[in-house]
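Have a look at the structure below before the remarks.
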Amino acid sequence: MKRGLEEEIEEMSEEEVGVNNNNNGKKKKKKVVKKSKPVPLTKSVPQVSSQPLRPTKLVPKKKTEIREININDIGSNELSVADQRVEADGVLAGLISPTIIEDFYDQYFGQKHLYVKRNGDNIYKNFFTKDSLDKMLRNNLMKFTENVDVTNYVDFQRITLNPEGRAYPSLVWKHYKEGCSVRLLNPQTFNSNVWKLCSTLQTHFQCGVGANIYLTPAGAQGFAPHYDDVDVFILQLEGKKEWRLYKPRDANEVLPKKSSENFTQEEIGEPYFTVTLEAGDLLYFPRGVIHQAVSPSDVHSLHITVSTYLNNTWGDLIGKVLNRALEIANEECLEFREGLPRDYTQYLGVIHSDKVGDERRKELTDKVGTLWDKLGQLLPIDIGADQMAVKYLLDSLPPVLTQLEKKHSIEDETTSMKIKPETRFRLIRADSVRLVVEDIAILFHNADNTRIYHQVGEEPGVVEFTLECVDALEHIIDSYPSYIYTKDLPIEDDDQKLDVVSALYEKGLIMFEK
């Protein structure tokens with residue numbers, strides 16, 4: 001793998017398209033590719049503002065009409081094929097309605113909770129039920145700890161009671177009848193409805209989306225108070241559950257990078273918000289909000305927690321940018337490779353930090369400042385963004401194809417499609433690919449991913465192309481969701497046009513108009 005992504009992806013396919021095509025004597029023009037240029041820092045040293053930073057707007061302020069889509073209708077409406085990005089927006093809009101998406105991002109996301117009361121209208125009906133849970137256990141090899149937890153919260157202590165081995169239905173229901181909560185980990189692996197929901201929402205958020213399902217008997221609590229490192233949407237599927245939310249204990253726990261340990265009641269104080277969710281209701285709260293939940297004494301609770309924005313922060317992006325900037329500096333700047341002075345340990349370090357007026361210490365700290373200035377001239381922001389996008393793709397769920405998408409792609413072809421210049425095609429999913437241009441053109445995709453989190457297929461989803469193909473690939477990506485002719489691809493060589501489309505077809509990335 002070429003520089004910039006070599007630390008992210010260790011094993012790549014060796015497949016390369018359009019390398020040794022016969023040009024029939026035609027002389028090709030040399031392809032000129034604009035590479036990402038490092039962006040310099042505006043200050044020589046990091047500056048910390050005394051004013052609080054305002055949250056970055058995640059969507060434009062302009063309010064647009066978005067059709068609301070029920071989660072039971074994912075993949076079975078006209079938007080599923082017309083433009084899956086619009087469908088994804090519609091699914092989120094349906095979840096948070098009557099709040100509109102622009103207001104959600106402006107007022108709630110990453111800031112405070114949102115409670116949506118449906119007044120008894122269970123819009124999630126039949127999405128996932130107790131019977132669905134039972135069938136999942138019976139039809140799949142699910143294991144305790146890996147796929148299923150049985151827990152209880154007794155005398156202010158969480159207790160996990162997982163046996164070893166397979167989670168047989170009889171064992172799970174035995175623990176449930178004894179007052180334990182049942183947690184299904186990554187149910188999208190085994191249930192298509194949950195897979196469709198998570199896969200669709202990851203299209204909207206453009207980062208990983210996961211889920212857990214919780215079944216709690218009447219009058220029980222399965223987990224101690226804690227906060228998570230993800231933003232969560234609680235969808236109450238059956239029964240009722242009382243939720244208590246508590247403010248972060250200090251500023252360092254606002255939007256945390258890691259989940260907390262279990263808290264005692266004394267550590268969290270009184271809740272600032274308490275609500276009982278009924279079937280059809282929704283509750284959103286950001287990462288860092290301390291929470292606990294208990295089912296009423298007269299009814300069980302079944303809910304799904306949909307989570308997102310794990311390790312998807314400015315800090316994560318800047319970390320990748322700085323790491324790559326340091327690699328570049330070590331490669332290109334002699335000063336970064338020079339040895340440290342023998343006496344640096346006598347002047348640098350916490351025990352020497354109070355030697356403010358020491359000339360030798362000042363000389364050494366000034367040197368660090370000079371190197372920081374040079375590092376600031378080498379910030380490869382676009383490479384860092386590519387690394388973030390590629391990591392998301394390799395961790396993401398594969399797309400759930402509609403019947404029409406299967407019918408018009410390699411997924412359902414009994415015989416291989418013969419691609420011609422007049423063939424019209426388009427990407428199946430625009431957000432399922434990422435084009436990275438370095439010494440070659442690399443198209444990453446998630447079509448080969450499995451439904452198990454962090455597990456890709458036998459090989460990561462990668463197709464390599466020559467630089468002559470870059471404009472064609474950009475044209476294909478930018479044209480989505482419109483169909484385009486193979487003959488109209490911006491490549492001089494006609495055979496190479498066919499090669500590009502064939503490569504995408506064989507990887508299951510495109511569908512044909514007819």
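Just so it is clear, glycine is given a Cβ too, placed from its N, Cα and C backbone atoms.
If you check Swiss-Prot, you get these features:
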REGION    1-53  region 'Disordered'
COMPBIAS  7-17  compositional bias 'Acidic residues'
COMPBIAS  25-37  compositional bias 'Basic residues'
COMPBIAS  44-53  compositional bias 'Polar residues'
DOMAIN    180-327  domain 'JmjC'
BINDING   H226, D228, H291  Fe cation binding site
Densest Cβ neighbourhood among H226, H291 (binding-site residues), 10 Å radius: H291
Other residues, Cβ within 8 Å of H226, D228, H291 Cβ centroid (Fe cation site): F223, P225, Y227, S259, S260, V289, I290, Q292
Residues in the domain 'JmjC' (180-327) grouped by DSSP into helix, strand and remaining coil: 38 helix, 53 strand, 57 coil
Cβ atoms near D228 (Fe cation binding site) (within 10 Å, other residues, all chains): 20
